[in-house]
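> Handing you a structure now.
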Amino acid sequence: MTAPIRENLSGLDLRAEIERLRKERNAVILAHYYQKPEIQDLADFVGDSLELSRKAAETDADVIAFCGVKFMAETAKILSPEKIVVLPDMDAGCSLEDSCPPEQFKRFREAHPDHIALTYINCSAAVKALSDVIVTSSSAETIISQIPESQKIIFGPDRHLGGYLNRKFGREMLLWPGVCIVHEAFSETELLKLKAQHPGAPVAAHPECPPHIVDHADYVGSTSGILQFAKNFPGDTLIVATEPHIIHQMELALPEKNFIGAPGADGNCNCNICPYMALNTMEKLYLALRDLQPRIEMDEELRLAARKSLDRMLDMASGTVGKGDLGRA
Ligand code: SF4
């Protein structure tokens with residue numbers, strides 16, 4: 001369980017205090033699209049996990065306050081070892097990361113020595129270090145298309161993203177059985193009811209959704225891709241099958257359009273809100289900037305090993321690695 005805040009912060013103007021500390025600490029504040037609007041609104045950058053870490057690495061900030069989940073803050077540390085990286089709540093985890101303990105992943109790899117490991121970025125630094133290439137939901141398709149069909153692949157930890165890629169590319173990647181509890185919660189029945197209420201409204205879905213949701217989507221892509229689709233689709237209503245806090249950015253960009261979050265099982269539950277992301281609050285962000293805790297610490301050997309598989313992704317995504325270059329790292 002997350003530790004309760006023991007101080008009484010009720011008299012503080014948190015926005016002003018965060019602003020003061022941001023300057024005093026020379027800090028950059030990052031907010032993932034799944035954060036509460038009040039946090040998104042004060043962040044220096046709002047985006048998806050890798051994009052945020054890369055932007056922060058390009059700044060001369062001394063401190064990164066990452067309003068997201070732990071694997072994202074770890075990625076920021078991997079790319080910016082000289083910076084202090086704080087996460088407002090260290091219990092902000094991820095069901096995909098939890099599904100894939102490094103020891104089990106290592107044994108699985110050892111049981112399949114002729115497979116390379118293509119691993120979704122939603123995993124711990126230790127699992128990244130055990131992988132050959134990291135992918136994001138934005139880069140996965142570009143990267144898979146560069147891997148020879150004869151090359152056997154383990155894909156983890158998201159079986160839905162892996163299954164989507166298998167279907168799209170006719171691959172038979174071996175899938176680690178993890179799921180995102182948020183995208184898993186969308187209900188096909190409720191989605192079909194919503195579509196009937198809004199005839200003609202397209203559905204944009206994240207590939208972490210199970211096939212019975214993705215099959216109804218007009219667009220399937222990463223959070224950044226979904227946001228781009230929202231900015232360009234010609235209609236006036238869009239059904240969004242990913243964590244609904246991303247709708248805040250859509251409403252800011254296109255206030256005249258109507259964005260509806262896809263429903264969970266009873267049509268009205270909050271089960272499509274990520275409970276890990278929701279642990280970050282303004283109070284905890286203030287305390288993290290004030291105390292420079294909780295802080296991401298990482299062994300340098302682990303960081304360099306994890307960095308290798310991330311760099312492989314960046315090289316492949318930018319087209320600087322040829323098909324023949326991809327072997328076991
Ligand atoms: S939305 Fe899903 S994948 Fe993203 S952090 Fe939450 S549990 Fe993990």
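Placement of Cβ uses the backbone N, Cα and C atoms for every residue, glycine included.
Sharing the record's features from TrEMBL:
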BINDING   His32, Ser49, Tyr120, Ile121, Asn122, Ser137, His206, Pro207, Glu208, Thr223  iminosuccinate binding site
BINDING   Cys94, Cys180, Cys274  [4Fe-4S] cluster binding site
> Neighbours of the [4Fe-4S] cluster site Cys94, Cys180, Cys274: Cβ within 8 Å of the Cβ centroid, same chain, sequence order.
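Nearby residues not in the site list: Val69, Ser95, Leu96, Asn122, Ile181, Val182, His183, Glu208, Glu243, Tyr276, Met277.
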> Between the Cα atoms of Cys274 ([4Fe-4S] cluster binding site) and Tyr120 (iminosuccinate binding site), find the distance and write it as a whole number of Å.
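One finds 18 Å between the Cα atoms of these residues.
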> Starting from Cys180 ([4Fe-4S] cluster binding site), work out which of the binding-site residues listed here (His32, His206, Glu208) have their Cα within 10 Å, and give them in sequence order.
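So the list reads Glu208.
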> Can you give me the Cα-Cα distance between Tyr120 (iminosuccinate binding site) and Cys94 ([4Fe-4S] cluster binding site) in Å, rounded to a whole number?
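That comes out at 13 Å between the alpha carbons.
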> For a quick check of understanding: given the listed iminosuccinate-binding residues His32, Ser49, Tyr120, Ile121, Asn122, Ser137, His206, Pro207, Glu208, Thr223, what is the maximum Cα-Cα distance in angstrom, as an integer?
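Farthest-apart Cα atoms in His32, Ser49, Tyr120, Ile121, Asn122, Ser137, His206, Pro207, Glu208, Thr223 are separated by 17 Å.
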> What is the total of other Cβ atoms whose distance to the Cβ of His32 (iminosuccinate binding site) is within 10 Å?
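Result for His32 (iminosuccinate binding site): 28 other Cβ atoms within 10 Å.
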> Cβ under 6 Å from an atom of ligand 1: which of these binding-site residues qualify? The list is His32, Asn122, Cys180, His206, Cys274.
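The ones that qualify, in sequence order, are Asn122, Cys180, Cys274.
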> Does anything in the same chain, at least 6 positions from Cys94 ([4Fe-4S] cluster binding site), have a Cβ under 8 Å from its Cβ, and if so what?
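Same-chain residues close to Cys94 ([4Fe-4S] cluster binding site) (Cβ under 8 Å, separated by 6 or more) are Val69, Lys70, Phe71, Asn122, Cys180, Tyr276.
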> Sort out the sequence-distant neighbours of Glu208 (iminosuccinate binding site) for me: same chain, 6+ apart, CB within less than 8 Å of its CB, listed by position.
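Looking at Cβ-Cβ distances below 8 Å from Glu208 (iminosuccinate binding site), excluding near sequence neighbours, one finds Ser137, Asp158, His160, Leu161, Val179, Cys180, Val182, His183, Thr242.
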